[in-house]
Amino acid sequence: MTILGTTFGMVFSLLQVVSGESGYAQNGDLEDAELDDYSFSCYSQLEVNGSQHSLTCAFEDPDVNITNLEFEICGALVEVKCLNFRKLQEIYFIETKKFLLIGKSNICVKVGEKSLTCKKIDLTTIVKPEAPFDLSVVYREGANDFVVTFNTSHLQKKYVKVLMHDVAYRQEKDENKWTHVNLSSTKLTLLQRKLQPAAMYEIKVRSIPDHYFKGFWSEWSPSYYFRTPEINNSSGEMDPILLTISILSFFSVALLVILACVLWKKRIKPIVWPSLPDHKKTLEHLCKKPRKNLNVSFNPESFLDCQIHRVDDIQARDEVEGFLQDTFPQQLEESEKQRLGGDVQSPNCPSEDVVITPESFGRDSSLTCLAGNVSACDAPILSSSRSLDCRESGKNGPHVYQDLLLSLGTTNSTLPPPFSLQSGILTLNPVAQGQPILTSLGSNQEEAYVTMSSFYQNQ
């Protein structure tokens with residue numbers, strides 16, 4: 001019996017070893033499964049098919065053996081407690097209307113009934129939008145720019161409507177030099193001057209949720225290719241017409257500045273900023289009222305109290321006085337000899353050389369009459385003929401000169417007679433014969449100057 005029991009024990013042990021090597025032990029599978037890394041990631045898509053939402057999960061390590069693994073979600077569900085994922089090659093997904101979208105759900109990786117790893121995830125924070133589509137680029141020749149437009153399915157959805165888009169473009173020969181532009185609309189304008197001329201460009205776009213919903217970038221849209229037009233003139237060259245206009249404008253401005261600097265003080269400043277006199281005198285001149293009844297008239301009635309002599313009258317008197325200086329001393333000397341000599345020599349009448357006529361007074365005897373000289377106008381005029389009585393002329397010689405001097409003097413004139421008269425007799429200093437006449441001339445000139453000065457003062 002002992003030998004039989006030992007034999008059965010050895011056979012049983014051999015069976016266990018053989019069965020373990022052939023892979024039929026479930027406990028060994030569990031131990032090997034616990035040694036692998038089952039980390040995973042998930043994303044949700046809302047309203048992918050009408051009102052249904054989808055949840056997709058996948059292992060981060062692509063080498064994990066997923067033959068006996070399953071995914072299960074529990075919590076934040078409507079009408080059910082848990083839901084199992086469907087397996088599609090290397091991914092697990094579920095599409096249903098029973099997501100509550102409020103709160104967190106528990107997602108686990110299971111082998112049979114045993115959970116290997118679990119995560120708590122809020123489906124509103126792992127939203128991945130759908131990729132944009134209908135990407136196109138249109139060139140506007142007038143504006144020299146490119147208009148980029150695209151479309152997205154989230155514009156008609158209720159939940160994820162606000163998206164941020166990322167537009168990326170590059171020149172075809174530059175594989176890794178992408179230029180990114182973020183925008184919230186579905187339209188973008190690219191300026192031609194920011195792109196290389198005659199070059200091929202590739203452009204694509206993707207989206208990400210914004211505001212309440214959070215998540216990941218969507219897949220890139222299909223790429224679109226466009227070519228930029230050629231430019232006749234390179235960026236380094238300049239239009240000759242524009243260059244000529246620029247040069248002429250520069251020189252014109254420089255010339256104007258130089259002329260303004262040169263002519264500022266003499267021409268421009270007096271016109272723009274005229275120099276004003278003293279403000280007090282200017283205001284006094286502007287505000288002072290003129291006096292009334294100013295004596296600015298040249299009417300003779302306005303100068304009745306002034307003695308006015310014309311220049312011609314003064315010149316005539318000067319000529320007469322000069323004539324008397326030459327003629328009267330000779331006549332006076334002869335008459336003096338006749339008076340002292342008695343009857344030694346017969347008296348002679350005045351010759352034609354000493355005859356005094358109105359023409360000798362300046363050829364204008366009417367000037368004295370105009371001045372109011374009545375005696376001069378009534379005085380007898382000496383003729384060139386001899387006197388009727390030469391004897392009486394010898395005795396009355398002084399009276400003749402006295403009448404002549406009286407005819408020169410006037411009652412209204414300010415000029416005194418050139419000789420001093422005492423009781424009708426003309427007296428002269430025998431020592432200096434010309435002195436009385438010179439003295440009379442000096443006084444006459446001073447009186448004429450005073451008269452003209454008073455005339456200008458009154459004026």
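Each residue, glycine too, has its Cβ placed from N, Cα and C.
If you look up Swiss-Prot, you'll see 1-20 marked as signal peptide.
What Swiss-Prot records for 21-239 is topological domain 'Extracellular', and it gives sequence analysis as the kind of evidence.
Per Swiss-Prot, the feature N-linked glycosylation site maps to N49 (among others). The Cβ of N49 (N-linked glycosylation site) has 10 neighbouring Cβ atoms from other residues within 10 Å, across all protein chains displayed.
In the three-state DSSP scheme, N65 (N-linked glycosylation site) falls into the coil class. Residues or ranges marked as N-linked glycosylation site in Swiss-Prot (evidence: experimental evidence): N65 (among others).
Residues in the domain 'Fibronectin type-III' (131-231) partition by DSSP class (helix H, G, I; strand E, B; coil) as 7 helix, 49 strand, 45 coil. The domain 'Fibronectin type-III' annotation in Swiss-Prot covers 131-231.
The N-linked glycosylation site annotation in Swiss-Prot covers N151 (among others).
Residues or ranges marked as N-linked glycosylation site in Swiss-Prot: N182 (among others). Cβ neighbours within 10 Å of N182 (N-linked glycosylation site), excluding its own Cβ and spanning all shown chains: 9.
Long-range contacts of the motif 'WSXWS motif' (217-221) within its own chain (CB-CB distance under 8 A, at least 6 residues past either end) are made by residues 128-133, 135, 150, 166, 204-208. Marked as motif 'WSXWS motif' by Swiss-Prot: 217-221.
Under the heading N-linked glycosylation site, Swiss-Prot lists N232 (among others), citing sequence analysis as support.
Residues or ranges marked as N-linked glycosylation site in Swiss-Prot: N233 (among others).
What Swiss-Prot lists as topological domain 'Cytoplasmic' is 265-459.
A mean pLDDT of 68 is what the model gives for the motif 'Box 1 motif' (272-280). According to Swiss-Prot, the feature motif 'Box 1 motif' maps to 272-280.
Nearest by CA distance to N49 (N-linked glycosylation site), out of the glycosylation sites N65, N151, N182, is N151. The CA atom of N65 (N-linked glycosylation site) is located 40 Å away from the CA atom of N182 (N-linked glycosylation site). Here the CA atom of N182 (N-linked glycosylation site) lies 15 Å from the CA atom of N151 (N-linked glycosylation site).
The glycosylation sites under consideration are N65, N151. Their Cβ neighbour counts within 10 Å are lowest for N65.
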